[in-house]
Structures are given as structure tokens and as C-alpha cells.
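Listed in TrEMBL:
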ACT_SITE  A:D57  active site, nucleophile
ACT_SITE  A:D59  active site, proton donor
BINDING   A:D57, A:D59, A:D279  Mg(2+) binding site
BINDING   A:K254  substrate binding site
COMPBIAS  A:1-10  compositional bias 'Low complexity'
REGION    A:1-24  region 'Disordered'
Amino acid sequence: MGTRPGRGTANRGGGRAGTRLRRGGVAMAGGGPRRCRRLEADAARAVLGAADTLLFDCDGVLWRGEAAVGGAAAALGRLAAAGKRLCYVTNNSSRTRAAYTEKLRRLGFPPAEPRHVFGSAYCAARYLRQALPLGAAAYVLGSPALAAELEAVGVPHLGPGPAALPGPAPADWAQAPLDPAVRAVLVGFDEHFSYAKLCQALRYLLRGGPDCLLVGTNRDHRLPLEGGTAIPGTGCLVKAVETAAQREAFIVGKPNRYMFDCVASEFDIDPTRTIMVGDRLDTDILMGNSCGLTTLLTLTGVTTLDEVKGHQESDCPARQSLVPDYYVDSIADLLPALGD
Amino acid sequence: MASCRRLSGAGLREVLGPAQGLLFDCDGVLWAGERAVPGAPELLERLRRSGKAALFVSNNSRRSVAELERRFSRLGFRGVRAEHVFSSALCSALFLRQRLLGGGGNGSGGGRVFVLGGEGLRGEVRDAGLRLAGEGDPGAAEPVRAVLVGYDDQFTFAKLAQACGYLRDPQCLLVATDPDPWHPLSDGQRTPGTGSLTAAVETASGRKALVVGKPNTYMFDCIVERFGVDPSRTLMVGDRLETDILFGKNCGLSTILTLTGVSRLEEAQAYMASDSAAAKALVPNYYVDSIADLIPGLDE
């Protein structure tokens, strides 16, 4: 067994990014480019055996819409039975942790507590709780779930739902009173997004200048729906606000490392014994690679093997960092390695 | 590189004397909100008496040129006719007519246009002989061949999703009236511009928009086609470095920055001091505090 790096802040160190030191256990792409090898048979047993914690993206990995990926629940059941810690890390900001916990239960996955679920809504609320002065509020472009997560951590907020503004025209909106407590604009998935709300967000950002935070839950371009369709994602709304305000948002979600930091602050995580499982290269795999985790791509979501090969064959270091250590067609493929 | 010289005294006559015409941006140059810039109507009058042409080129896609003609009159400007006014609404409609109807404008075939914008923009698209998605015979199965993003104060998530649906067809064009990220309000606040809405549509669809307005040169092509302007004898007057002044440079015009609008002199000077070629392209040849300062450069 390898030695474990120190607990607490050492686990959050950025130093692990790019360095793949191994002591004992399985050599996982030590030091060189990641190889995206199919994970099966002996390698699968070794890699899974050496891991304490698995982080799972949800959409496209565990389920698609309301349909569980065949065999996924069984595979996670065996991992849990083997004593692995299972956490769920998702950019989807339209659900609360409690709702995800309930969905996991409903689709037959091993019992999870909300503390195992790291959605971008919850993590954004945590971020604001630590970044805002006491009593400061957030103007929110987001869902009831995002509002609920803010409520749960005690961050005052306003904004969710349809814009409630006086008059039909921008000239009227520019006269609406601004709440003096607002010191942050938070952008999440918002089906009520409108020009009027964009106006208000811009007014708060201009009033506060650098003292008003601009935070986005994630940059995903599209939100997948059941049946293969997709609707515009939060990234579009973040871009609209960033363009109007001519400034860049702090992004909570993958591939940025803040959500991993949340996991590491809740649990004793050893990056060298942690596997990130996802279906998107530019969020799941990139975050996992940046945080020094072992990364496993599943092909039940948005990514094809051809895309990975394209990145592997490129000379560009940014594209190389999108390549996972391993892949499977589905996480059900892990079952044989987890048998008896 | 342009040197951002204050235009005054003898310099005024040297620059204005040979000019055959001036292109003016509108917001922040001729007026601010509902108020004409003091002296601006007189300047236009003096230009006319001097035999110099005045044409207008605006990124504002809210109003039809007919509405703009009424606005000029209401704010005290005499003699400005719709045909002198090149708005991004008009030019986007002309652009789409060219691309979808081959310039014939006879209204047959060509598909429909999904417009994110107000009635002024929609009217210009209709006047160009195009049909709008969501209007007319709902049974028509005619495909949507273009999504046009303009200033849309009724923009919603639902419209964003609808636009993306149309853009899944790679044959469907994505066009934006202008790139402006925000516009100033008279009390110093800002309102989001077409650029911010275009960014949302581009991000959702994975496509890049064709942008009709300044600093791109299509609006100048429209001006040349209608009036045959000689760039070497034409001056561009504007208040926004990133659109007006860059537009002038891209079209081969000498440029004058007026300080009654968006850009500050310090910004122009910062661009001048920069090492980047892109920044230097934003530096005007000349500047004035207000276009009224140009009056002494014209014959009595």
C-alpha cells in the first residue's frame, strides 16, 4: 500500500496537478500522457482495488433523464459493498442535493446522504457563504433549487422566478430600486431568464464594481433532456452577463476545481486513491486530471472514442489534458472486476 | 498609426476642407437620449450649406429608418431623410435579402427569418421582402433559413431555446445586427446590448454569428452602393472606439472621436500606448469635445 499524503489542506494543494507520483499500488499513467485505455480484466481489478473513493458525474453516467444506465446501480452497489466511498459531482444547478439523493434512491442506487452529493447549486451556495460578508445578499438568476441551497446555508437572496419589474421598457427597469444588501450576482440555470433580469444583474454589477461578486454555477452549453434533446445550458446565460458587464465570472462547476475542493473538505480524500468517472471530457475528465485523480470516461453520455483519439493525437497540451486514463463503454462493464 | 490629435483652429479647415462628406454615428454623437447635443443640428445645417454630404450609420437596431427620420426631426435636425440613414436594422435586412433571396426581393422562396428583436427590426426585415417565423400562415412548412439577433428587450430563455432549435440546421444562418455589449442610459447606467444576447445564442448553438454592424464593413458597402462615397474624401465621426473608430479604419476613412458619448479620451490614449496592433487600430485620427466644435472648420 502506498503512503497517503497529509490530510486537510494538503489535499487541496494544486501541486498534485500534472504530477502523478505513485508509491505502490497501480502505476497510473505515471508522469506521461494519459492513454485512455479500456479498463477491463486485471487492470480493472487493480485500479478499482487501489481506489478508496469514486466521484461520479450523473447525467450520461448513472442515468439519462429518468432512465438508469443498465447495470450502473449494480456496479455501484458492489463498489459500496467493497467499502468504497461514493460521491456524486454534478454541474446541473437545477436540483438540490436532497433531490439528487432522492433520485439515486428512486433509480436503485446504493443509499446516499445529501453530504455525498455535490451539485453546482449547493457548491455555489457554499462559495457565497464563505466569500460574502455576513448579511450580504445575492441577486440570483436561477432555479428554485438554487434559491433553496442558498436558503439552507443562510445566504440572503432575491431574483429567482420571472422578473417582477415596473413597466414594460428598459427605461422603467433602470428606475427600479436596487436592494442595498446585494453584493453578488449568481448565475445558474434559469428558465425565467429574460432581458429584464439581465438588466438588473448588470445594474448590480455596475453599482458594486469589483466589490460585487459575479459567480456562475457552470459553463455547460447544453442541458440534456431525456430522449436525446437538449436545451440551452447555464453557460449561455453566464456568457450573456459576462458580455454585458465586460468581466469574467468565477465558475463553481467542473472543470474548475472548486467542487473537488468541497468534496475534499467534507471527506478525507487522497487524490492518488480517487477515481473521477464522467462522460464529458471538458468538464469531468479535465477536472479529474487537473486535481491529480485517476480519470475514467464512460461512453454512455456525450463523448465518443473518436473525440478522445483526436485529442490524444494532437500536439496541443490543452487538448492532451482532456484525455482520460481509462474508458469503459458503460460503468456496467466494471461488474466483472467487482464480482465475488 | 493614427495619433488622436485634437481637431481645432487651422487643423479644422485642413481636415474638413477637402472632405466631400461625413458619416455620423447617432447615439452619443448627435443626441444623448431625448436631447440633441448642443450645436449638432447647426453643424448639419452648416454642412449642407457647405455642399458636404452627411450620412448616418448606427448600430442601434431598435428603430426602422422611418422612425429614425421622425426622431431626427423631433430633436431639431432639419432635412435628414430616411434614405440618408443606415441603421443596423436596415442593413441586416438588406444582408438577409441578399443571402436568402439573391437580392431579388420578390418575396418568393428563400425561407423564413426568426427575429429576436422589436417591431422596428421586424418591420425592416418585412420591408426587405422576407417572411418572419411566427407570422402568416402557420401551416406553412417553409423552413427557417436565418436567425437574426438584434436588440431584444423581450428576450427570454424560451426564445433562446427556439433559436437553437432552428440553428441545428447547418443551412440556417446566424446573423447579429451589431456587437455592442451595452448601451449607456442618460443617467449613467447601462443597458445590455445585442452583443450580450448574441453571446448566449452562440454559446447555446456552437455557431459564430455573422455581425452586420460596426466595426464590420457591411454597412459601408450599403452606403457605397446607394451613394457612391469616396473613402479618401469621407470622414467617420463616432463616440465608440471599438465600433465607430475601428469601422472607420476598416473602411479606409479618417476618423474623428467625439467625447459626448461612450468612450473617454484616456481610453484612446491607452490604446495608443499599447503594443498590440489590435489596440492601435482603435485610435482615432482626431478628436473633439463635441461635434459642435467642427462648425468653425466650415465656410460661413
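Just so it is clear, glycine is given a Cβ too, placed from its N, Cα and C backbone atoms.
TrEMBL: automatically predicted annotations, no manual curation.
Here the features listed in TrEMBL are painted onto the structure.
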residue	record	CB count, 10 Å
A:D57	active site, nucleophile	25
A:D59	active site, proton donor	21
A:K254	substrate binding site	30
A:D279	Mg(2+) binding site	24
(request) Starting from the Cβ centroid of A:D57, A:D59, A:D279, the recorded Mg(2+) site, name every other residue in that chain with its Cβ within 8 Å, sequence order please. (result) A:C58, A:G60, A:V61, A:L62, A:T90, A:G278, A:R280, A:D284, A:T298, A:G301, A:V302
(message) Using the alpha carbons only, what distance in Å do you get between A:D279 (Mg(2+) binding site) and A:D59 (active site, proton donor) once rounded?
(response) 8
(message) Can you tell me the CA-to-CA distance separating A:D57 (active site, nucleophile) and A:K254 (substrate binding site), as a whole number of Å?
(response) 10
(request) Could you check what DSSP calls the residue listed as 'active site, proton donor' once collapsed to helix, strand or coil? (result) strand
(message) Between the Cα atoms of the residue listed as 'substrate binding site' and A:D59 (active site, proton donor), what distance do you get, rounded to the nearest Å?
(response) 13
